[in-house]
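Okay, so here's the structure we're looking at.
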Amino acid sequence: MLIIAGLGNPGSKYAGNRHNIGFLAVDAIHRRHSFSPWSKKFKAAIAEGELGGEKVLLIKPQTYMNLSGEAVGEAMRFYKLQPADLVAIYDELDLPAGKARLKTGGGHGGHNGIKSLDAHCGKEYRRLRLGIGHPGVKEMVQNHVLGDFAKADNAWLEPLLDTLADNADMLVRNEDSQLMNKIALALGGKADEEKPRKDSEKKPAGQSHIRQARNNNQPKLPATGPMADMLKKMFGNKGE
């Protein structure tokens with residue numbers, strides 16, 4: 001069983017906030033697949049269903065962001081799940097709007113919802129961070145995070161949520177890099193490029209393969225004999 005927890009704040013006042021992109025992501029998955037209607041349990045809104053043949057619980061904590069771990073932790077204890085059975089989806093200030101990153105474990109990065117999850121659920125769960133961009137100055141962060149998405153944001157927000165919902169079964173199959181590539185391509189970016197070769201495999205710095213070939217195949221000139229005498233007459237000795 002896998003729990004997919006979207007983080008956010010409950011109530012209509014916060015529904016369109018950037019801080020609630022985790023709720024929006026889980027709602028998109030719920031709409032796209034055959035999940036039960038939302039119900040209340042574990043201090044949260046929950047819905048049950050299947051993705052990729054595995055049972056999945058969608059959860060939106062109703063405790064407010066700072067106490068998200070209370071709800072998710074209660075659900076994990078009820079189902080006897082481990083941190084590896086949890087995916088948390090939440091907003092990330094330090095990623096450009098529309099970018100996504102998915103990894104296991106790590107720090108909370110100042111995110112209070114993740115601080116709470118770390119305390120109640122352990123740290124080795126998968127974290128899907130969805131970029132909302134940074135306003136540029138620290139003083140504007142709170143208004144930015146708790147502000148609603150602008151209409152212009154739909155240009156990246158809709159394809160991001162649609163692609164995540166369409167490919168949510170990849171979360172079940174642990175196809176994390178493939179999912180990130182699909183999201184990047186949907187947003188007009190590039191898939192992850194091939195990793196650079198190891199130093200031992202690289203060509204010598206500053207030399208093309210042609211130059212290397214020349215260096216390795218230079219002919220040896222005769223030092224004595226008639227040919228050497230002729231070359232000396234034509235070109236002279238080096239250093240003269």
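Positions of Cβ are set from backbone N, Cα and C atoms, glycine also.
Per Swiss-Prot, the feature site 'Discriminates between blocked and unblocked aminoacyl-tRNA' maps to ASN9; the stated evidence is sequence analysis. In this structure, ASN9 (site 'Discriminates between blocked and unblocked aminoacyl-tRNA') belongs to neither helix nor strand by DSSP; it is coil.
Among the features that Swiss-Prot reports, tRNA binding site is placed at TYR14, TYR64, ASN66, ASN112. Within its own chain, ASN112 (tRNA binding site) has MET65, ASN66 as residues 6 or more apart in sequence whose C-beta sits under 8 angstroms from its own.
HIS19 (active site, proton acceptor): 23 other CB atoms within 10 A of its CB, across all protein chains. Per Swiss-Prot, active site, proton acceptor is recorded for HIS19.
If you look up Swiss-Prot, you'll see ASP91 marked as site 'Stabilizes the basic form of H active site to accept a proton'. Using a 10 Å Cβ-Cβ cutoff, ASP91 (site 'Stabilizes the basic form of H active site to accept a proton') registers 25 neighbours.
Residues or ranges marked as region 'Disordered' by Swiss-Prot: 190-240.
Annotated compositional bias 'Basic and acidic residues' per Swiss-Prot: 190-204, in sequence order.
The annotation compositional bias 'Polar residues' is assigned in Swiss-Prot to 209-219.
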### Message
Return the residues near TYR64 (tRNA binding site) by Cβ distance under 8 Å, restricted to its own chain and a separation of at least 6 in sequence.
### Response
ASN9, PRO10
### Task
Identify all same-chain residues not among TYR14, TYR64, ASN66, ASN112 whose C-beta atom falls within 8 angstroms of the centroid of the tRNA site's C-beta atoms; report them in sequence order.
ASN9, HIS19, THR63, MET65, LEU67, SER68, GLY113
### Task
Provide, as an integer number of angstrom, the distance between the C-alpha atoms of ASP91 (site 'Stabilizes the basic form of H active site to accept a proton') and HIS19 (active site, proton acceptor).
6
### Summary
The most crowded of the recorded positions ASN9, ASN66, judged by neighbouring Cβ atoms within 10 Å of its own Cβ, is ASN9
### Query
What are the non-local neighbours of TYR14 (tRNA binding site), defined as same-chain residues 6+ apart in sequence with CB under 8 A from its CB?
GLY8, ASN20, LEU146
### Message
Need one number for the tRNA-binding residues TYR14, TYR64, ASN66, ASN112: the maximum pairwise CA distance in Å, whole number please.
### Response
16
